[in-house]
Amino acid sequence: MVDLESEVPPLPPRYRFRDLLLGDQGWQNDDRVQVEFYMNENTFKERLKLFFIKNQRSSLRIRLFNFSLKLLSCLLYIIRVLLESPSQGNEWSHIFWVNRSLPLWGLQVLVALISLFETILLGYLSYKGNIWEQILRIPFILEIINAVPFVISIFWPALRNLFVPVFLNCWLAKHALENMINDLHRAIQRTQSAMFNQVLILISTLLCLIFTCICGIQHLERIGKKLNLFDSLYFCIVTFSTVGFGDVTPETWSSKLFVVAMICVALVVLPIQFEQLAYLWMERQKSGGNYSRHRAQTEKHVVLCVSSLKIDLLMDFLNEFYAHPRLQDYYVVILCPTEMDVQVRRVLQIPMWSQRVIYLQGSALKDQDLLRAKMDDAEACFILSSRCEVDRTSSDHQTILRAWAVKDFAPNCPLYVQILKPENKFHIKFADHVVCEEEFKYAMLALNCICPATSTLITLLVHTSRGQEGQQSPEQWQKTYGRCSGNEVYHITLEESAFFAEYEGKSFTYASFHAHKKFGVCLIGVRREGNKNILLNPGPRYIMNATDVCFYINITKEENSAFKNQDQQKKSSFSRSFYHGPSRLPVHSIIASMGTVAIDLQDTSCRSASGPTLTLPTEGIKEIRRPSIAPVLEVADASSLQTCDLLSDQSEDETTPDEKMSSNLEYAKGYPPYSPYIGSSPTFCHLLHEKVPFCCLRLDKSCQHNYYEDAKAYGFKNKLIIVAAETAGNGLYNFIVPLRAYYRPKKELNPIVLLLDNPPDIHFLDAICWFPMVYYMVGSIDNLDDLLRCGVTFAANMVVVDKESTMSAEEDYMADAKTIVNVQTLFRLFSSLSIITELTHPANMRFMQFRAKDCYSLALSKLEKKERERGSNLAFMFRLPFAAGRVFSISMLDTLLYQSFVKDYMISITRLLLGLDTIPGSGFLCSIKITEEDLWIRTYARLYQKLCSSSGDVPIGIYRTESQKLATSESQISISVEEWEDTKDCKDQGHHRGNHRNSTSSDQSDHPLLRRKSMQWARRLSRKGPRHSDEMNDHQSTLSYILINPSPDTRLELNDVVYLIRPDPLSYLPNSEPSQNSSICNATGQDSREETQL
């Protein structure tokens, strides 16, 4: 048998387990050499240097010992003076010789030896090649003067009573104290200590001067008046304070010379110290100092991070933040990299703010500044973007870095971030609350076109107010408008609520109607326990649970409401006499309902999504029977629910079969295939079956697919919506989506024209080419030809977006100058056009539709000033353009981010109202208009009942327009262009179409008719002059305002627009296959549709 072990070679030591444990001692061929690094640090000198100088803590101990040693030497000198008996005679020997006891001499010698040894050792360790640099240092010279005589007296006993100026050790003690404080700050990592160091140096310098003067005068006067230490102290204080009583004066020439020298030293040293102290104090005032750790642990504070702090931004934040009662004890720490503005400094000196606001100059990207602000102990951090910069993308990048820095430094601190552009939003998804400015802005402007004054509605909802504005006004509309503006959104758990607890197990619409009828509160949404999604008006199928969180609109939250028992008893007795039966309906309604059983009061037909009708069916019974309103059922049954497919339009049912077929082939419903940025919420929309070629999106240029070159040539059935913007940013996508949402009837879709200063990029066109009737053209609102070509005479609304290039100006409030003047021109030329304008500064809205001699506008200006003096946060609310929803500033929505600190649900509710987010089962915002046929409903409470019982809609407010008789004002120049468009003959039309077919450029010379029309318009304008007037004349005008959650007994008026939260139509879909009227454009849309069905 072959011995296998003898044939297998042994493993090298590094691969054997025994050698891994015992080491590779047997490996003889390893030529490795062990190298030790930094050998110079192992020398004796380096070890001493490490102990005495380099090491922070040991160096601190050495300097503390040295400081104590110098103080001990000064104390021994004072003891020697006090124990010495007064000398007799005026001999000069008393200056050079003193009486020193043996024990005292021994202590002084010991202190001198230790001090001299330490000085020589430190000089040796800090030697860097120049011996004279070490010898000629003032501390070294003082040490030699004070220590060497005592060392010599050891070997020469005759010198034991030699006078040694030991009191000069106070300057060495001062030097040791400075070094000790520096080492202390270095050891404990304390920052911003320059102010403390300078104050300490100043105080120690004063003490050393006084102590040196005291001891010097006392010793030199041994041959004069024989002054003691107290008399010397008195003389020095009187002299340095420049009082100079003259009762104690030096007699000898030596003491007089010493006093002169000390005064000269004080005149040179002290001003330098005071100058440095004043400079550091001013710098500290600019930087703001620190927010102490003790305060951060015992008090609550939030941090506001901004790149530049303006007075408007500061006041909006402080007024909104401190409007909530439970935040009164909070402190606000402002962290800003720029120096405090003069206006900001003046405001922060007001006692109301100086005690609660702390300004720190620093950067959020520095951990030292975040430590100064005690970010890790903060309750929240608000990071705001600078919207006034020309490069808004750069501003967003700075905001993103600040958010990252804060999250890295304080991971548990809640973040509230404001971002400008939607494409940058996904970088800060980790933040607790994010408000994207362009998303909210464009969605709000879009809803303004279909639900008037939506911007004003949202602005009033997100502002904190008690509804006291306008109560001193003599006009009724201002009182009602101001009182209703105090309504806000609140939340409460159903089982803990006195408003909603009795509606447990009832339908949502039943709870909403009866809570409004009984308490005047408007229930708008709920949230299930354990579910983070909020559902706005989930509809009559939703059954209320005890653990549901209810969201309602009211003047104040339920916890601050008082319920009077007497009023409840009166109401209950009144209800027992006036109501009858378990449904607690009015008797006349019950009788009417019993008599009209054959009439279908529950409107279960498919209704229009934005323009429903409130009238009853037009039958013969209606002429002989008074209309009535059906009761709101506690639990919805099948007969009371709309069973038809609400994804199909009612308008489709009214068309002929051929029109229906063509309509179905034209549009489909689905999710947009392309989104211009990451993070956009998918929304079910009206889409085209095939995307439009990019050339066909250009309104003012013909292509191979069509020959149209202006809006009139297209022959749109509905009026246009024109958006004038500088660039086609990604936020503009959020303007189109709400106007093409699936619940908007096809028949009511308005064409959208984007009037852009700069051509859009290919990515934006790729996103909008799937939407029907969306066009763009390159032009400007200050060019009349561009306005006419884009169809301004056929437009229902024109939205003027604030331009980024004009947001910054040398004078802040001049940023809106160009926009205001352009809009004023449009207002004078197209008076019937509804113009919605975005401004940078809310204060400039008083210039919108400006009339210099309008007495009513002047009265509103005075009212605004009075409301501002009363401390109102909404002083601008009575301006007619804002009340009517014709002007909007994105800075008004800053309060949404601030309010989310107390109401963490406000951003979600606002996004749902604006259509930025869509949640299955959640409703959407729309409006209806009260016509003459609807006035039989009479009151807002009956309207509430009608809507809840028929379609499940929940009204939240009224947009009311009134005719107002005004005093004589400045004449308005207004020229109507529609008549010019209508006076063209057929020959001109044919010639114009021929030009369309043959022209390919948009130059004005290629449009002679348009150029001729502009010239005629200008001549007519100059010829008419101020004598011309239209329906917006000088003697009569209209004013519009919003009533949020009005009282139940509010009377309805003609042309009132009622804001509704309509249930999601998808929630009514049966589980069966969708109807044939609903089609999806692609596979992605089909999958999304199936997932969305409930």
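Numbering starts at 1 and runs along the chain as it is shown here.
Positions of Cβ are set from backbone N, Cα and C atoms, glycine also.
Automatic prediction, not curation, is the source of TrEMBL annotations.
The compositional bias 'Basic residues' annotation in TrEMBL covers 1010-1026. Residues or ranges marked as compositional bias 'Polar residues' in TrEMBL: 1069-1086. The domain 'RCK N-terminal' annotation in TrEMBL covers 299-435, 718-858. The region 'Disordered' annotation in TrEMBL covers 984-1034, 1068-1094. Under the heading transmembrane segment, TrEMBL lists 64-83, 103-127, 139-159, 199-217, 258-282.
Distant neighbours of the transmembrane segment (258-282): 194-195, 198-199, 201-202, 205-206, 209, 212-213, 216-217, 220, 239-240, 250; these residues of the same chain sit at least 6 beyond its ends, with a Cβ under 8 Å from one of its Cβ atoms. Counting same-chain residues at least six beyond the ends of the transmembrane segment (139-159), those with a Cβ under 8 angstroms from any Cβ of the stretch are 73, 105, 108-109, 112-113, 115-116, 119, 123, 165-166, 168-169, 171-172, 175. Each residue of the domain 'RCK N-terminal' (299-435) gets a DSSP state, and the totals for helix, strand and coil are 59 helix, 29 strand, 49 coil.
Under DSSP, the residues of the domain 'RCK N-terminal' (718-858) split into helix, strand and coil as follows: 60 helix, 29 strand, 52 coil.
Mean predicted confidence for the domain 'RCK N-terminal' (299-435): the pLDDT average there is 90.
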